[in-house]
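Copied over from TrEMBL:
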- 21-122: domain 'Immunoglobulin' (DOMAIN)
- 128-153: region 'Disordered' (REGION)
- 1-17: signal peptide (SIGNAL)
- 159-180: transmembrane segment (TRANSMEM)
Amino acid sequence: MWLPPALLLLGLSGCLSIQGPEFVRGPEQGLVTVQCRYNQGWETYSKWWCRGAKWNLCKVLVQTRGSQQEEKSGRVSIRDSWRDLSFTVTMEGLRPDDTDTYWCGIRKVGTDLGTQVKVIVESVGTASSSASSSSKPFARPPANSNMGESSDSSKRTHYVLLAFVKVPILLILVGAILWLKGSQRVPEEPQETDLHQLVL
């Protein structure tokens, strides 16, 4: 009855003893570097890197021998650093079929400790398209768009001039003309009164 909680506790302690990234990405023909950290006390234990979604069926690709010396197998290498309490796995010459689930692990008596890491290999086409899409916000706008913007700004300038310069000048001119006409009519009134006086 107490077996499942005990196994759960052991699993949790294993996950806490070693930690790594959830996933890493690398370009095709490039490389990825995975750093897995562990708690103090596991320095001299053998570290390994295996491939496969299932923990108990994964295939060990490379492992240390309980030392800090780099070990290499094919395109994969591993190096332990006791001072940093971490070991680093490097996969070179990445291929699309390298995309898979991997495990960072520590070999010990009983069940090994491990944490899952997903490796994603991006093809050249995907990498170039992502690079071009990321550079789009910095691309120079086409010449036609500049012409459209300049024409819009010239229209706005014309309306501003019309509202604040041309219309007031027109009103001033109309006012001046009306004032001149009004001033010309003023002297005529005394002459009419004088004529009335003469008639009387």
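Heads up, residue numbers simply count up from 1 along the chain you see.
Yeah, the Cβs are placed from backbone N, Cα and C, and that goes for glycine too.
Within the model, the domain 'Immunoglobulin' (21-122) carries an average pLDDT of 97. Across the domain 'Immunoglobulin' (21-122), DSSP classifies residues as 6 helix, 54 strand, 42 coil.
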